[in-house]
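Engineer: Heads up, here are the entries from TrEMBL:
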SIGNAL    1-24  signal peptide
DOMAIN    31-308  domain 'Ribophorin II N-terminal'
DOMAIN    317-423  domain 'Ribophorin II second'
DOMAIN    431-554  domain 'Ribophorin II third'
DOMAIN    587-687  domain 'Ribophorin II C-terminal'
TRANSMEM  598-620  transmembrane segment
TRANSMEM  632-654  transmembrane segment
TRANSMEM  660-677  transmembrane segment
Amino acid sequence: MARKTGILVLASVLLASIASICDSAAIFNPISDAHRSAASELFSLSDGSFGSLEETYEALRTFVVLGIEKEPVIRTSVCASVAETLSSPSSALKDLFQALRVNGILKCEINDKAFAEIAFRLKDSVNAANLLLDFYHSIGGLMLIKDQTSEVDVHLGDADRIFRSIKALSQSDGRWRYSSNNPESSTYAAGIALETVAGLISLASSEIDHSLVATIKNDIMKLFDGVERYDDGACYFDEKFVDAHGHQDPLSASSSVVRGITAFATATEESLNLPGDKIMGLAKFFLGVEIPGSAKDLYHQIDALACLGNSRVSVPLILSLPATVLSVSRKDQLKVRVNTVLGSSAPPLSVKLMQIFSSGSKDASVIDQELKFDPDHAVHVLETLPKNIDVGKYIFSFEISLQDPEHKKRYITGGRTKVPIYITGLIEVNNAEIAVLDSDIGSIEMQKKLDLSGENDVALLANHLQKLRLSFQLTTPSGKAFKPHQAFLKLRHESGVEHIFVVGDSGKKFEIILDFLGLVEKFFYLSGKYDIQLTVGDFVMENSFLRSLGHVELDLPDAPEKAARPPPQLVDSYSRYGPKAEIIHIFRSPEKRPPRELSLAFLGFVLLPFIGFFAGLLYLRVNLKNLPRSTVPATFAFLFHLGIASVLLLYALFWFKLDLFTTLKALGILGIFLMFVGHRTLSHLASVSAKLKSA
């Protein structure tokens, strides 16, 4: 129990320290194999499909981005569903749109005639549309047909009128409405609207008025003015609108906006001049989600990161560390990786360690040291830590510099990146000793040296007029005094009562003095043996320990009448509910049996009557020729002799196995049987004898 308590205290200290240092710095890692494993689990097949066409597209899109091969497994069944949806005249716009999206990935065998019929229907829907989602599904469907075949005309005339119809749904803050009848605006709808406008620009048969396109750019800037921000630099778009489409959380709303601005930038081929820190903040937000717990959230995360990783807006570069815990005792090297959000290799660049902040202090050490690039492992390495770095928690500030000026137009680095680093090491424990002091003058009555790196078993004697002193020194690998997060001394009485004391730090050493005269009430006047245990731990201390030092035999005065009694001790659940002691049965000792020779002689005497019986039959010259020959009398005669044999067998069983009660009961049944068949046999013999006499 004591060891478990020490481990829990160490764990709590570590978690508290991590929480405090992560308030100002955080680690964001690009997409990894963990996301691929999660995608394979979350997007699981059911009856050979992923569900609806929308769910199928989300699964396929996620697999394509992550490089997971799943198409051959589902191609046949999904293509059949796509063909059925596209050929049905009653299919809704949303279903046609989702079917075309799936077909864009699987490349099902859809002929140009089917595409032409669908395009004609979608054009009619665009001209008659009033709702944002109708515009989105119709124009999006035409864009998908344009990407899948060049034989069908999907261009839209009077694009300016359609553009103004869509723009009428926008709001002054950059958000959009789903319909003109609903005054509520939505961030998620803004992303849908931007995708729709981007598709309209690509499908327009003539160039759209540049002033209309400029208004959309202005809407995007207003939308980014309302972006939310976390303390670690992550940015996201919040969604407060709830309607029949349901509530969209920040992940789906932010993903929708990213898809929209990416599509718009691609369609216009113009720079949007969006703030680089906010684009980087969005990337950090999606990566900060780590691995979502639902398939829908994973799709939103991966799709948004794919847009950011291949965007004409700007591509964020993510700085990550393979290890954030470094040991000065093992001389670990600091390694840094720089990748895109999808984990792809970054362009040629350099990484500098600019500053090092000590946790809890605003002062920083200026380093300005460039890390060495290792092309074999694609990492930037700081071979040796700065000399002023000792064990503890720090915040390292890095700066990424692109080498090619053209790359600065495409990639963003996000300025300086702060990363929490934990420096650990082996702490030396010196001058450890425990002593019993005289209470009056403080002279040493008994003193023992301790080896806190090994086993100890000291035995001390003390009374209530004496004191117990424990002292030791802790030094870091660089020779500086070390102050751990915890240093506890525990005394445990043989009755189970425990007392825990904090070991104080005097600057040069750790020391605690227990004055037993002032502790008699706390000790409940319990004399006897007290086990001594010392716990010293810190999350940067590689050799944290929980040591048993030995025991002290305390002689305390008798308790007064009104003195507090020790609290009842908790019953050990194992002793209460654990397995009980094995029950050992005591059997009766076997009775003494007669010698074997005597038993065999008795058996011979028992068999003598049978021998005499057969001898008597021979002496009387029994004639078996008188047995009945007709069927029924012969049967009764046979049963009679069989009954006699059964009685003899019963006697034998009684001798070897059966008890008297069972034997008598069986004998009674056999007797009734013998009386019946014997009477019938004798009646037959009597009738035969009478006939012979009369003859």
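A Cβ is built for glycine as well, from the same backbone N, Cα and C atoms used for every other residue.
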Engineer: Which whole-number mean pLDDT does the model give the domain 'Ribophorin II third' (431-554)?
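Structural biologist: Per the prediction, mean pLDDT sits at 93 for the domain 'Ribophorin II third' (431-554).
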Engineer: In the domain 'Ribophorin II third' (431-554), how many residues does DSSP assign to helix, to strand and to coil?
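Structural biologist: With helix first, then strand, then coil, the domain 'Ribophorin II third' (431-554) has 4 helix, 73 strand, 47 coil.
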Engineer: Take the domain 'Ribophorin II C-terminal' (587-687) and count its residues per DSSP category (helix H/G/I, strand E/B, coil), listing them in that order.
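Structural biologist: When I sort the residues of the domain 'Ribophorin II C-terminal' (587-687) into the three classes, I find 81 helix, 0 strand, 20 coil.
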Engineer: By DSSP, how many residues in the domain 'Ribophorin II second' (317-423) are helix, how many strand, and how many coil?
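Structural biologist: Its residues fall into 4 helix, 60 strand, 43 coil.
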